[in-house]
Amino acid sequence: MANLERTFIAIKPDGVQRGLVGEIIKRFEQKGFRLVAMKFLRASEEHLKQHYIDLKDRPFFPGLVKYMNSGPVVAMVWEGLNVVKTGRVMLGETNPADSKPGTIRGDFCIQVGRNIIHGSDSVKSAEKEISLWFKPEELVDYKSCAHDWVYE
C-alpha cells in the first residue's frame, strides 16, 4: 500500500491533566489509524532536550523542556496511509489561535505554550522520534480487523 507510514504523537502534560487522552486517541482511531505503541511516562529533561534538539537555540527552549517535564505524557506511534500529514492536519496549527474548529488544538487550546499535543512534521522526523521514544520490540505489529473496512 502506497504511503503507509508511522508517526509519533505525544499528548503533553496539559493534555493529560485536562483529561483529553481518551478524546485524542478516539479521534485517531475513528479516522482509521492503527495504534502501534503507547506508553505513559514522565520524560526526563535529557530525553526532552534530545527530542527538541532542533529547537535548542530558540529562546523558548528552556521553558518548553520545563513544561514537558512538568507532568506525565502519553507517547504513541500511529500507522496508516499518509498518517504524518493527516495527523498534523488533525492536530491543527502549532498556535491554537490559528487552528480551525474540528482540529484538536482548535477545539481544546487557547495559547501556543499549552497546545496539548505533539506530532511529527515529516516521515524522517517521525522515524527519529519513534526511535528516541520506543525500542523496536515495543512496536506491536498486527493487522487490525478494521483494516479492510478503512482501506481499499
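Every residue, even glycine, has its Cβ placed from backbone N, Cα and C.
According to its DSSP assignment, HIS118 (active site, pros-phosphohistidine intermediate) is in a strand. Other Cβ atoms within 10 Å of the Cβ of HIS118 (active site, pros-phosphohistidine intermediate) number 20 in total over all chains. Taken from Swiss-Prot, the feature active site, pros-phosphohistidine intermediate applies to HIS118, supported by experimental evidence.
Annotation comment: Swiss-Prot describes LYS12, PHE60, ARG88, THR94, ARG105, ASN115 as ATP binding site, evidence class experimental evidence. For THR94 (ATP binding site), other Cβ atoms within 10 Å of its Cβ number 15.
Counting residues per DSSP class in helix, strand and coil order gives 32 helix, 16 strand, 18 coil for the region 'Interaction with AKAP13' (1-66). Taken from Swiss-Prot, the feature region 'Interaction with AKAP13' applies to 1-66.
When pLDDT values are averaged over the region 'Interaction with AKAP13' (1-66), the model yields 96. Of all the Cβ atoms in the protein chains shown, 22 others lie within 10 Å of the Cβ of LYS12 (ATP binding site). The DSSP secondary structure for ARG105 (ATP binding site) is helix.
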